[in-house]
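Feature annotations, courtesy of TrEMBL:
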DOMAIN    8-256  domain 'Nucleoside phosphorylase'
BINDING   S14, R57, H58, S90, A91, T197  phosphate binding site
SITE      S178  site 'Important for substrate specificity'
BINDING   M196, D220, Y221, D222  substrate binding site
SITE      A233  site 'Important for substrate specificity'
Amino acid sequence: MAIDKVLVGVIGGSGLYNLGNLTYVGEINPLTPWGYPSSPITISSLPSGAQVAFVARHGKDHTISPSAIPARANIAALKSLGVSTIIAFSAVGSLREEIAPGDFALPSQLIDRTKGGRPTSFFDGTGLVAHAGFSDPYSPHLAAWLTEAVREALKDEGRGVKLWTDKTLVVMEGPQFSTRAESLMYRQWGGDLIGMTALPEAKLAREAEISFALIATATDYDAWRPHEAGVTAAEVGKILRNNADTSRHVAAHVIERLLAADKALLAEESGNMRFAFMAAPGAHKNAALAYILPEYFEAA
Ligand SMILES: CSC[C@H]1O[C@H](OP(=O)(O)O)[C@H](O)[C@@H]1O
Ligand SMILES: Nc1ncnc2[nH]cnc12
């Protein structure tokens with residue numbers, strides 16, 4: 001089967017290394033100006049025939065640590081396939097009693113606690129300065145639409161998985177989990193969830209004019225609860241398989257409906273960079289920027 005223009009991309013995190021519930025079409029490994037993506041991108045088709053692109057952010061065998069994920073290559077590779085909307089999944093710890101392991105959440109805000117120098121912009125080293133708006137890190141219309149669509153998908157699956165919305169996700173560097181003091185501090189800051197990979201992914205999607213939403217899947221209670229041992233990878237691992245099965249169901253259900261929904265939803269971020277540049281982009285020929293934003297840049 002031929003690979004068509006793919007409008008929706010999925011990024012899988014811990015435990016979610018494939019969309020094996022869809023029909024396999026092929027694999028493609030684009031070399032972007034920022035290198036290769038974390039893993040070759042799998043193209044699969046939905047029952048309607050529409051195609052979806054999937055990338056495993058830690059690699060298919062989970063060999064890439066959160067600090068080393070080639071996020072620019074992942075986003076650029078998806079964009080090169082025609083992707084205008086990404087739905088990303090991320091395993092997270094819960095900083096709130098009411099958000100239990102096994103629950104799903106749509107975060108609306110992020111707090112950046114990464115500090116290992118992950119590249120966060122496509123414009124680094126290009127000589128062009130761009131300031132993308134990031135007050136709402138996830139595309140608001142897409143997130144609002146997803147609330148109902150994900151709820152419906154979870155109901156349809158029938159396992160009784162709960163969905164939380166409007167939560168604040170703290171993104172830490174890792175790979176070690178937080179100390180108890182840090183975990184308690186994040187709660188005081190208003191954090192509801194904690195993970196290691198949501199940034200810079202969301203920033204890069206915004207720069208690439210891709211609509212982007214994150215579905216967070218809770219695996220543990222992090223380290224803030226008194227009298228508990230604290231989080232371990234083994235504890236997280238126990239819940240990953242169920243969360244991944246539910247994520248696959250949600251992805252298939254939601255993307256099928258998204259492709260049939262108002263086309264404006266898929267293009268929510270289109271044009272958002274037009275006023276972000278500090279110097280006229282037309283005057284700036286750059287092959288890397290042309291790869292990600294051909295609307296504004298030409299190859300040199
Ligand atoms: C396996 S627990 C820590 C690990 O899980 C999360 O990964 P992802 O966001 O890709 O699902 C978390 O961010 C850490 O990378
Ligand atoms: N407690 C936690 N802290 C950071 N990332 C996580 N991913 C899953 N659980 C996590």
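The backbone N, Cα and C atoms fix where each Cβ goes, glycine too.
Automatic prediction, not curation, is the source of TrEMBL annotations.
The closest partner of Y221 (substrate binding site) among the recorded positions, by CA position, is S178; the full candidate set was S14, H58, S178. Classification of S90 (phosphate binding site) by DSSP places it within a strand.
For the pair T197 (phosphate binding site) and A233 (site 'Important for substrate specificity'), the Cα-Cα distance reads 16 Å. Listed recorded positions: A91, M196, D220, D222, A233. Those with a CB atom under 6 Å from ligand 2: A91, M196, D220, D222. The Cβ of A233 (site 'Important for substrate specificity') lies under 8 Å from the Cβ of no residue that sits 6+ residues away along the same chain.
Surrounding the centroid of the Cβ atoms of S14, R57, H58, S90, A91, T197, where the record places phosphate, the chain contributes additional residues within 8 Å, namely G12, G13, L16, P66, F89, G195, M196.
When the recorded positions S178, M196, D220, D222 are screened for a Cα within 10 A of the Cα of A91 (phosphate binding site), the ones that qualify are M196, D220. A strand conformation is recorded for D220 (substrate binding site) in the three-state DSSP classification. Looking only at Cα atoms, S90 (phosphate binding site) sits nearest to M196 among the recorded positions S178, M196, D220, D222. Secondary structure at H58 (phosphate binding site), taken from DSSP and collapsed to helix, strand or coil, is coil. Cα proximity to D222 (substrate binding site) (within 10 Å) is found for the following recorded positions from S14, H58, S178: S178.
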